[in-house]
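These notes concern the structure reproduced below.
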Amino acid sequence: MLRLTGASPRTPGHLISAADLTRDDAVLILDTAEEMARVADRPIKKLPTLRGRTVVNLFFEDSTRTRISFEAAAKRLSADVINFSAKGSSVSKGESLKDTALTLEAMGADAVVIRHGSSGAPYRLANSGWIDGAVINAGDGTHEHPTQALLDAFTMRRRLVGADAGIGRDLEGRRITIVGDILHSRVARSNVLLLHTLGAEVTLVAPPTLLPIGVEKWPCEVSYDLDQVLPKSDAVMMLRVQRERMNAAFFPTEREYSRRYGLDGERMARMPDNSIVMHPGPMNRGMEITAEVADSDRCTAVEQVANGVSTRMAVLYLLLGGNEPAVTHSRASSATEESK
Amino acid sequence: MDTHSSDAARPVLEAPDIARALTRIAHEIVERAKGADDVVLLGIPTRGVFLARRLGDKLEEITGGKIPVGSLDITMYRDDLRMRPARALARTDIPADGVDGRLVVLVDDVLFSGRTIRAALDALGDIGRPRAVQLAILVDRGHRELPIRADYVGKNLPTSLRETVKVQLAEEDGRDTVLLGLKKPDPGEPAPAGER
């Protein structure tokens, strides 16, 4: 069974962390996504593959972009989609994660896409035995966001290696720079882990206050000087400065941050030819990225949205498309037992 | 094919037989399509694609015109997806001019249950609306499970369900041959309906 077990036998049949993916798993997902992307060019952008399967989007945090991306992916594969957002639901009345999970299980969810403010909530859901379905982490706290890392890797492979030339290949030797709020970024963590698995060389650039404790143990380089790193970057990923998390003083002023760590046209001109600028969105124009850069051909922000749907289709297909990791109808079976 | 079954497998078609069969099929297509002007060949991965390309070359030799050749992956349209692990996808490559209003000839190596072709027809329906769809097959081994038949057959090969038919092509396997073997005794595994 193809179950994306990867390096972690703790979560077979789920996608919790980018670290769980082996190089071959990741390349398989990217190759599958490449085929899924071609469906978008057809007159009928739909496949019957997951007909009769139910995917629940369980969102405890607001995230319209990620939710509609998963929703579009599931619908293109003909799955039924149930959107469950915490606001205005039983969760706001005090329901626990467990009771919510049992409710979804009773509704026959084959996969649960979960976004949660607490790091580790998807892992808990996958390993609790509360549900039989596949669990896909759509962002948990400051921990991980593996499908974002996959779509970023997919975008890089398409741009830096080529859509057709990239099939079966990883990102060996590509130099990727991630700039911004690493401390609060689950995107950065997942990207570092996945890109390392795919053979890329990752450099993090941020003010010291926005780097997490223990970053020296991550499989990447760290720099405080953007200008020094830019000429050696095949792709630069600008992270959003999350104003909602900037309650403590991580940097003196927004202007100073923008001047030292923002990407403008002048800085972009010093990047190698054919290098790309990435942004997971939503962008703060004028803060971490200027409008000139955001609107240039090098900026892949819009492509990343389209690639997100293809990548999530690939993940859903690989988790749900075969004989079940999902509906075994016996709670104590395979997935949960093996994990104990 | 693995060593176990190729021990017992004996060739029923060799390279010259395969080449002759494809040449004949190409002539039959031209005859029935009255010139093959609007023919589009779509191979079903993996080996159907190689056969489609070879057929395309032969058709171009005969007609002197350009014959669009593509591939049609049917994995996501299979009716046995849930009986097995998720499979890796193969390439679907539809020629630039599409299939609308054209005569599409599906090409595959072995016709067995007919389920692959059923899936191919579904997949084709999502891509466009051909004028007509025909089926060219290198080996028809019988045992249909659906009301499907081939328009062009390289060789009719009556088989029993205990036998296996394996097509090997130079592009993928290093040589051209069709092998008839005996199925490995496989207790606990029901006969795979969708496989050949």
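Using the three backbone atoms N, Cα and C, a Cβ is placed for every residue, glycine included.
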One of A:R23, A:R115, A:R243 listed by TrEMBL as binding carbamoyl phosphate at the site of A:R65, A:T66, A:H145, A:Q148, A:G281, A:P282: A:R115
Inter-residue Cα distance where the pair is A:K93 (L-aspartate binding site) and A:P282 (carbamoyl phosphate binding site), in Å: 30
Least surrounded among the binding-site residues, given as A:T66, A:Q148, when other CB atoms within 10 Å are counted: A:T66
Proximal residue to A:Q148 (carbamoyl phosphate binding site) among binding-site residues A:K93, A:R186, A:R240 (C-alpha distance): A:R186
Within the predicted model, mean pLDDT of the domain 'Aspartate/ornithine carbamoyltransferase Asp/Orn-binding' (A:173-319): 93
Listed binding-site residues among A:K93, A:R186, A:R240 whose Cα sits within 10 Å of A:H145 (carbamoyl phosphate binding site): A:R186
Counts by DSSP class (helix H/G/I, strand E/B, coil) across the domain 'Aspartate/ornithine carbamoyltransferase Asp/Orn-binding' (A:173-319): 64 helix, 24 strand, 59 coil
A:G281 (carbamoyl phosphate binding site) versus binding-site residues A:K93, A:R186, A:R240 - nearest by Cα: A:R240
Candidate with the highest Cβ count within 10 Å, taken from the binding-site residues A:R115, A:H145: A:H145
